[in-house]
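Enquirer: Quick one: this structure, given as structure tokens, is what I'll be asking you about.
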Protein chains: 2
Amino acid sequence: MINVIITGTGGMIPLPDRFLASCVIEYNGRKILIDCGEGTQVSLHKGKISISKIDVILLTHCHADHVTGLPGLLLTIGNSGRTEPLDIIGPRGSMNIINSLLVVCGYLPFEVRMSELHDTKPVEFEQIGLNITSIPLKHHMNCVGYSLELKLKPHFNPEKARQLNIPVNFWKTLHGGESVKVMDKTITPDMVLGEERTPIKISYVTDTRPVDWINKIVRNSDLFICEGMYGDDEQKEKTSEKMHMIFSEAAEIARDSNVKELWLTHFSPAMPNPGEYIKFAKVIFPNTHIGIDLMHKEFKPAE
Amino acid sequence: MINVIITGTGGMIPLPDRFLASCVIEYNGRKILIDCGEGTQVSLHKGKISISKIDVILLTHCHADHVTGLPGLLLTIGNSGRTEPLDIIGPRGSMNIINSLLVVCGYLPFEVRMSELHDTKPVEFEQIGLNITSIPLKHHMNCVGYSLELKLKPHFNPEKARQLNIPVNFWKTLHGGESVKVMDKTITPDMVLGEERTPIKISYVTDTRPVDWINKIVRNSDLFICEGMYGDDEQKEKTSEKMHMIFSEAAEIARDSNVKELWLTHFSPAMPNPGEYIKFAKVIFPNTHIGIDLMHKEFKPAE
């Protein structure tokens, strides 16, 4: 029901086989793109990912490697015939920077709606039917991560409905969460619905040092996509100075926040083979995977 | 002596196997880059072209597909350790646009020197030992092409020098263009130099309709790289409205200005196989070639 595609796994510099870190989340025919560095539209093209259904672009921050693909992508979306508004959401300060970048765009045939998130508090909002929570991060500039949840309605229990003699034409309303009256008796949804269902949850975190918010907000994610700028534990100090994380730090967050699966991304161009260092993460969190451009996975409800 | 590499041959949208139109001119270990769209640095990387020796970036104009790679490239050049100044030269209005784009760059460890060219008159200037002439073009915004010439000194004629009894230690001075006195007799360079030599000349023209300046300035080029947005003669009207050229128009300029070789570039993303249409150019100018990313050629003096 939710399709996740990482359209790039690089940090700082786009490389021929590793575009800059970005990610597409598809739900119900609509798309959210997280970050848009130089070349993201090339990767989208490579992956045959239709750009006309990108409704929202979430920005983690406005460093060049996360945003300079925006003017080109918006122009290409414009050329594809889109006329519906497109939302760009990022941390405080994004609007000025993005508007400055978009100087080369001129006229776009759709409305670009920009909004900024709070610096120090998570913000909850809804887009394309997903509940999104921003994750305040710690980088060289305002930066946020995102957790995206698909809340699943409890199943309707026809057995219970029949026992209560509720006519079938009321079932949909009850399943939708509204009460109905049957023979002067009020039937509330909880009387005919099954148990709460676990939402599908995807979390995305670059560029940051480990901070408490991450563990709190990404808790129980089905997929946690997290930066690992360097792999080797010996590079911890250097990575920390650059306000990034090494593989083992990402793995610690994955373990401590009980996520199901970790994909590492945002690799330094100085690390051509991130796979060499996966052991540093797997020893802490076994279900770790090295992100590869256009790696994707579909997430369906548990039952 | 001059190495030309086209680092991209696409117009509008960067594609996985066709980056946006740009070109590198190498001379004497230094480089000029013409245009820098989204992904140009990826193509430079693919072609193993060292970026630290790029001294000059010539911009044809400031449409997104020609400039949005600049912030990323400048940051990567900065990371490569460059501290020498870098010149960016473009048509009037470029500075504001480029400075707006560079908002994401922050500190660069080298000086960026920007200068703007005249709208309606060719400007002559010198960079990395090449004589460059701007070509005012006709597009939807201020736009220029460039002709780059390597002037070649006439050969020194040792026979003549010996006949005139000129000591060998004066030969270098005379070859350098200065007169010397030998036994109270003034010897001028023309007395010991061979004939004028034809310069090596490379010309680059996108995005434009055909205009007189082009023919005048690119005359006798060894290589004329010219846009051909569409190939089919039937698309002439549409191409003209978009202020571009079709293959046959580029070929007409090549023929009328007596260039030696024509490379077509800046192909529409709607034209996946430009080779299908080369006949429309070859019938007018036989030595036409379809540009392919990273196509390159070395140009040496005629003799």
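Every residue, even glycine, has its Cβ placed from backbone N, Cα and C.
Please treat TrEMBL annotations as automatic predictions, because they have not gone through curation.
Pulled from TrEMBL, these are the listed features:
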type	residues	note
ACT_SITE	A:D65	active site, proton acceptor
BINDING	A:H61, A:H63, A:H139, A:D207	Zn(2+) 1 binding site
BINDING	A:D65, A:H66, A:D207, A:H266	Zn(2+) 2 binding site
Enquirer: Using a Cβ cut-off of under 8 Å to chain B, which of the recorded positions A:D65, A:H66, A:D207, A:H266 qualify?
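Expert: Sorted by position along the sequence, the hits are A:D65.
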Enquirer: Is it possible to get the count of other C-beta atoms within 10 angstroms of the C-beta of A:D207 (Zn(2+) 1 binding site)?
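Expert: For A:D207 (Zn(2+) 1 binding site), the 10 Å Cβ neighbour count is 27.
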Enquirer: Excluding A:D65, A:H66, A:D207, A:H266, which residues of the same chain place their Cβ within 8 Å of the centroid of the Cβ atoms of the recorded Zn(2+) 2 site?
Expert: A:G11, A:M12, A:L20, A:A21, A:D35, A:G37, A:T60, A:H61, A:H63, A:T206, A:E227
Enquirer: Work through the binding-site residues one by one (A:H61, A:H63, A:H66, A:H139, A:H266) and point out the residue whose CB has the fewest other CB atoms within 10 angstroms.
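Expert: Output over binding-site residues A:H61, A:H63, A:H66, A:H139, A:H266: least Cβ neighbours within 10 Å is A:H139.
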Enquirer: Taking just the CA atoms, what is the gap between A:H63 (Zn(2+) 1 binding site) and A:H266 (Zn(2+) 2 binding site) in Å?
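Expert: Checking the Cα atoms of A:H63 (Zn(2+) 1 binding site) and A:H266 (Zn(2+) 2 binding site) gives a distance of 13 Å.
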Enquirer: To the nearest whole angstrom, state the Cα distance for the pair A:H61 (Zn(2+) 1 binding site) and A:H266 (Zn(2+) 2 binding site).
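Expert: Checking the Cα atoms of A:H61 (Zn(2+) 1 binding site) and A:H266 (Zn(2+) 2 binding site) gives a distance of 14 Å.
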Enquirer: List, in sequence order, the same-chain residues at least six positions removed whose CB sits under 8 Å from that of the residue listed as 'active site, proton acceptor'?
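Expert: When sequence neighbours closer than 6 are ignored, the residue listed as 'active site, proton acceptor' has A:G10, A:G11, A:M12, A:I13, A:P14, A:L20, A:A21, A:G37, A:E38 within Cβ distance under 8 Å.
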Enquirer: Hey, how far is A:H139 (Zn(2+) 1 binding site) from A:H66 (Zn(2+) 2 binding site), Cα to Cα, in Å?
Expert: 13
Enquirer: Give the sequence-ordered set of same-chain residues, not counting A:H61, A:H63, A:H139, A:D207, with Cβ within 8 Å of the centre of the Cβ atoms defining the Zn(2+) 1 site.
Expert: A:T60, A:C62, A:H66, A:L137, A:H140, A:M141, A:C143, A:T206, A:T208, A:M243
